[in-house]
2 protein chains.
Amino acid sequence: MTLDDAALKNFGFIERPTKNMINIDPLQTGGILTEDARRALVEWGDGYSICDNCGGVLDLIKKPPVQEFVHEALPEFLGVDQARITHGARESKFAVMHAIAQEGDTVILDGLAHYSSVVAAQRARLEIRKVPHSEHPDYYIDPEGYGTAIEETISETGKAPALALLTYPDGNYGNLADAKKIASVCHEYDVPLLLNCAYSVGRMPVDAKELGVDFIAGSGHKSMASCGPIGVLGVNDDNGDYSDIIFRKSPTNKNKEIELLGCTARSATLMTMIASFPEVVKRTRNWDNEVADARWFSEKLEALGLIQLGQKPHNHDLMFFEAPNLYEISTRVKKGRYFLYKELKSRNIHGIKAGLTKFFKLSTFQVGRENLSYIVDSFDEIIKKYE
Amino acid sequence: MTLDDAALKNFGFIERPTKNMINIDPLQTGGILTEDARRALVEWGDGYSICDNCGGVLDLIKKPPVQEFVHEALPEFLGVDQARITHGARESKFAVMHAIAQEGDTVILDGLAHYSSVVAAQRARLEIRKVPHSEHPDYYIDPEGYGTAIEETISETGKAPALALLTYPDGNYGNLADAKKIASVCHEYDVPLLLNCAYSVGRMPVDAKELGVDFIAGSGHKSMASCGPIGVLGVNDDNGDYSDIIFRKSPTNKNKEIELLGCTARSATLMTMIASFPEVVKRTRNWDNEVADARWFSEKLEALGLIQLGQKPHNHDLMFFEAPNLYEISTRVKKGRYFLYKELKSRNIHGIKAGLTKFFKLSTFQVGRENLSYIVDSFDEIIKKYE
Ligand SMILES: Cc1ncc(COP(=O)(O)O)c(C=O)c1O
Ligand SMILES: Cc1ncc(COP(=O)(O)O)c(C=O)c1O
């Protein structure tokens, strides 16, 4: 590519095609900005804006109130001793793995773990052992499976795993495993537990101390109404001096935390998280209503012949459906497996991956009953249209 | 902190105090958004917006044209075989160090290296050896120093360094060392060279192949008119199969690059880089004028009794000044060492760190002659006021 005027015309400002659509994409429902965050984005958009009055440590900046947010509000919100901002849930997970494990150590992952947990472990050069889950239709993780996985690791390698991880909820079925029980099983073997809360922190109440977990990874762009990439990392020191290890300082640059490379969110992303925070805190207190919406929606789709997999009644807005009727339609219509995507798109609904009909996930988070009704009616119409 | 309404009022939307000021903060002059980037920020602000039509690999997204940007435009712009988006220059540096070196290996850094290069090496658990620079007033890096440092490493550890790094320009004096020469010295020993271009890519022309360097780290929020955190990483495979190593894929998740944890800029930051790109390409072609402005400004300040350190005549907008006269004033005025900051602030000028008078850095990048004249006049006024 020669960077002449013609080539450069492909870049510049580009419109977002899904703007103003009803959004049920699980990746996106919890990351939609609040009005305050949208204003913050414009106000703080310039590179390094947040560093106007930095004394050398990003999370100690007083104006804007980064220090208060990171060192007071976030620990309270997550129920941890120490919190930091990262670039996302995966970066939080990698930071923990890289800091507390040694190359070649084992990490235990739930069988439903997100690929980013796997890749974080691979980047940290760790061995992965998975706790199995039950199969279709429940996808249940038995807490005792952690004990078995830990014992197998010890007997095969002679060394306890450096860390265990639970995806809470998992990113496919939206299942919330028994984190408290799993933490206590892991702690019997002195193995710390990291909770991957990409889909929970910012949507529902999560408290590390209450659950007894040692680390929490959260995702700002996924669940905290923030412009990304941004995440949070919480460390609970009840079972070890973990924050000393993870946030250790450079021997040469004494105020820089090595594992965070000195600083992380060096622009507007953190200002959007701070801007949305009051609403985010409040929405977690409204979680019961969100769960009620999810259950209502699940019942309505089941009445149309779809089957919701995973926990039932469901406890989270992220849901996975099996749709034999939609799949059957896809085998005989002209647009094939893209028919559902196109039908939904023509009804201004975004979020089910193009090409999927038999199995797909969606999220009802903050979509609201009115839009959810409209989506149910749309599914009904689409099914009837092709009957 | 209890997260009650009173506490939450400290967050939400917060105004940026330095908005609309004339900005000479070296961190910030190159990161000010273009109009297109500002629009992109609003358009794509929601979390994971860029993933609307993702097929599983962020940098292969076709709509918006991420693939074209990352795989065609950026390699051309940087003069490399492969490019990727990262969270910033430091994350690019860490990715290279972590991927190509083994724990305990040595990395050679120029004596003027930014702290983030040091911390990246420490995070990757590498030993650091520095190439000395000459002292006040030049701070010159002798290319032969790299040969000496490499030979010392080999004789002391029995192993060649895994990597050498040059800060181009360095972040204090804005000195541009002889990168081409340094690359050829390193290559005599088969040591690859990483160029830290946080202050160059996006401001001035930089071409890895032309300079013969193996890796380029750039910073979007610092020098590419982007909302951060965002950076670029370029890999030139002329001297080794480096991109295969750095961008190796997960054995279990076959389309995910381990070192990037699968994906990096998962929101609007990348869309701001794409939005600004046409202007950024054009401004690098205007670099001679920027250098002329810097030299003009340096002469004017020297005429007022300040001394510009580092290369002279200077070749970059980032400049370091010694100001014995301002320091002398600070020792006897009421506001002490904060007087300069306050005087400049009252004149709507932002960017010299509060409390500094004797030594400080600033940047003239895209400030323009008119504002630069105003700044010179302001210094003149301030000096006269306290004479
Ligand atoms: C369960 C789960 N964990 C983690 C992530 C990654 O989150 P982040 O983008 O913050 O790294 C995802 C993203 O899809 C996810 O679904
Ligand atoms: C010379 C130099 N390199 C690297 C960096 C870090 O850039 P980034 O924020 O993109 O990691 C800085 C930041 O001040 C710098 O001055």
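Using the three backbone atoms N, Cα and C, a Cβ is placed for every residue, glycine included.
The pyridoxal 5'-phosphate binding site annotation in TrEMBL covers A:A89, A:R90, A:N196, A:S219, A:G220, A:H221. Other Cβ atoms within 10 Å of the Cβ of A:S219 (pyridoxal 5'-phosphate binding site) number 34 in total over all chains.
According to TrEMBL, the feature N6-(pyridoxal phosphate)lysine maps to A:K222. In the three-state DSSP assignment, the secondary structure recorded for A:K222 (N6-(pyridoxal phosphate)lysine) is helix.
In terms of local Cβ density within 10 Å, A:H221 ranks first among the recorded positions A:R90, A:H221, A:K222. Chain B comes close to A:R90, A:H221, taken from the binding-site residues A:A89, A:R90, A:N196, A:H221 by a C-beta to C-beta distance under 8 angstroms. A simple way to gauge crowding: the CB of A:G220 (pyridoxal 5'-phosphate binding site) has 33 other CB atoms within 10 angstroms, across all the protein chains here.
Annotation note: A:A89 (pyridoxal 5'-phosphate binding site) sits in a helical segment as assigned by DSSP.
Apart from A:A89, A:R90, A:N196, A:S219, A:G220, A:H221, the pyridoxal 5'-phosphate site neighbourhood in this chain, defined by C-beta within 8 angstroms of the site C-beta centre, holds A:G88, A:E91, A:S92, A:A198, A:A217, A:G218, A:K222, A:S223, A:G228, A:G231. Of the listed binding-site residues A:A89, A:N196, the Cβ environment within 10 Å is emptiest of other Cβ atoms at A:N196.
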